[in-house]
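Engineer: Starting off with a structure, shown below.
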Amino acid sequence: MRGALLRAAAGKALRGRWIHSERSSSGVANFGFREVPEDEKAGMVGAVFSSVASNYDLMNDIMSGGLHRLWKDRLVSELQPFPGMQHLDVAGGTGDIAFRVLDTIYSKEQRSPQKKEVNEKEVVDETRVYVCDINASMLDVGRQRAKTRGEPGISVCGQIRFKFLMVKAGLGELPSLVWVEGDAEALTFADDSMDGYTIAFGIRNVTHIDKALREAHRVLKRGGRFLCLELSHVETPIFKQIYDFYSFSVIPAIGQMVAKDRNSYQYLVESIRRFPKQDDFARMIINAGFSNVQYENLVQGVVAIHSGFKL
Amino acid sequence: KEEDDEKRRVLNAALTYVPTLGWTEAAIAAGARDVNLSPAILGAFHRKEAALVEYFMDESLDELTDAVEEQSEELEKLVLHERLAKVMRIRLEMQAPYISKWAQALSIQANPINLPVAMKQRAVLMDEIWHSVGDRSTDWDFYSKRAILGGVYTAAEVYMLTDYSPGFRDTWTFTERRIIDVIDCRKTAKEVMQRLSESWKFRPVLLSGSGMVQAAQLAQAIGAGLGNTIASFLKQPRPGP
């Protein structure tokens with residue numbers, strides 16, 4: 001879904017920049033069925049989302065028929081958050097996953113029968129959900145939402161390493177939700193610091209997927225879990241035809257009607273087809289060092305949740 | 001595989017927390033922390049608390065095999081029913097440290113999702129016990145012995161839950177008595193079955209499975225010396241595994 005907007009920006013606001021930019025020698029990245037210079041892609045992603053952050057949810061709802069909420073619920077229930085967890089949600093600017101994780105932890109705290117054994121309040125206070133996104137506007141939307149929920153949060157600029165942050169905060173006490181501006185391929189978190197890592201509908205937009213996976217492996221603790229929710233490939237015979245028709249004919253038409261932007265949606269659908277298949281992506285995850293890698297198809301493969309452990 | 005080794009290490013560490021935290025995810029999470037793994041590893045266990053209970057059952061089985069080997073000389077000096085009682089006692093004593101939470105473990109095993117594995121582990125355990133006392137039967141006896149011993153073991157296990165005597169003395173007495181009852185019944189059941197098979201008119205009763213069970217029950221009644229009449233025998237419920 002994000003990828004759609006890449007092309008929109010490339011087509012509209014950035015066209016001038018595009019013509020005058022120099023082609024670097026480092027290589028090319030996929031841009032739907034187009035190719036663009038690698039170093040350009042990340043910047044373009046950032047720029048695009050600045051302009052569409054506020055409409056992001058509407059687009060998701062239209063394209064998935066509201067199902068994206070269920071898929072995110074499923075992702076978080078797979079994660080099984082626990083009180084005291086250090087969790088990192090990457091490319092989750094608007095906070096969908098982060099809020100669900102926090103809600104699950106709070107409800108677990110209330111239902112827990114083991115209260116007498118452990119000091120529950122202390123442990124819950126240790127809970128920390130970090131939301132990392134390359135785009136400041138998406139984070140802004142998330143922060144606004146957090147305020148509406150009454151969730152205290154703190155924002156961090158991507159360059160600061162976390163030890164410094166703790167010192168700066170003075171007490172070693174951070175609120176539960178921390179918004180971080182940063183790049184999935186070069187995370188600013190310490191090694192072995194996270195219990196969980198999720199990336200929902202974001203890994204398709206990363207220029208080097210294997211780098212992002214390796215970063216995920218780096219920041220996870222031993223025993224930590226990697227979860228990725230992403231649009232994926234459908235193989236079931238008849239449903240595949242229906243899905244292709246829906247993707248290539250219906251979605252761009254809706255995009256034209258609602259957002260006056262057929263091209264973005266056309267791009268989006270193409271980029272989904274370019275993303276590696278479930279098994280290939282699972283192999284990439286294994287190559288990054290994860291064990292016990294599995295995937296689960298939702299809606300016959302329209303969406304897939306990949307899971308791996310760092311052992 | 002490496003992942004399985006890690007999981008076993010976590011479960012092993014989790015066992016130390018069972019007396020305080022029970023057979024729960026919290027115990028597994030505490031165990032994970034002990035081996036320097038994030039509690040997120042819980043996601044790798046499909047039936048979490050059941051995984052812990054099953055691990056314990058497997059470990060106890062291995063320990064039982066080892067213990068029986070070590071004590072094989074002493075066991076040989078005993079009569080069959082004493083040998084059975086001793087082996088069962090060795091096994092039940094392994095549950096003693098967890099006895100305060102064993103009812104919870106039983107309820108986890110009784111959960112329909114976990115029941116097949118639990119039944120299989122118990123069947124293997126009964127097999128191991130009979131094997132360790134020297135049973136080499138290859139006929140129908142193989143099944144009836146294990147089924148009957150399964151009943152005795154379960155009864156003893158449940159009895160142990162409410163046994164507050166020092167060193168579970170009462171449980172061992174209970175176990176010995178039940179084994180004696182059962183062994184006598186088995187022999188008598190065999191004799192009765194033979195006599196029944198000789199009389200032709202009992203043929204339809206014999207051929208039905210329920211008929212065989214009824215015959216065995218009748219034999220039990222005789223062997224235990226309870227002096228039940230045929231009428232009260234017919235009213236009894238069927239013996240279970």
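The backbone N, Cα and C atoms fix where each Cβ goes, and this holds for glycine too.
Caution: TrEMBL annotation is automatic and unverified by curators.
What TrEMBL lists as S-adenosyl-L-methionine binding site is A:THR94, A:ASP133, A:ASP183, A:ALA184.
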Engineer: Which residues of the same chain, at least 6 positions away in sequence, have a Cβ lying under 8 Å from the Cβ of A:ALA184 (S-adenosyl-L-methionine binding site)?
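Structural biologist: Those within reach of A:ALA184 (S-adenosyl-L-methionine binding site), by Cβ under 8 Å and sequence separation of 6 or more, are A:VAL90, A:ALA91, A:CYS132, A:ILE134, A:ILE199, A:GLY202, A:ILE203, A:VAL206, A:ALA212, A:GLU215.
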Engineer: Of A:ASP133, A:ASP183, which of the binding-site residues has the most Cβ neighbours inside 10 Å?
Structural biologist: A:ASP133
Engineer: Measuring Cα to Cα across A:THR94, A:ASP133, A:ASP183, A:ALA184, which the record gives as the S-adenosyl-L-methionine binders, how far apart are the two most distant ones in Å?
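Structural biologist: Across A:THR94, A:ASP133, A:ASP183, A:ALA184, the widest Cα separation comes out at 16 Å.
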Engineer: CB neighbours of A:THR94 (S-adenosyl-L-methionine binding site) within 10 A?
Structural biologist: 24
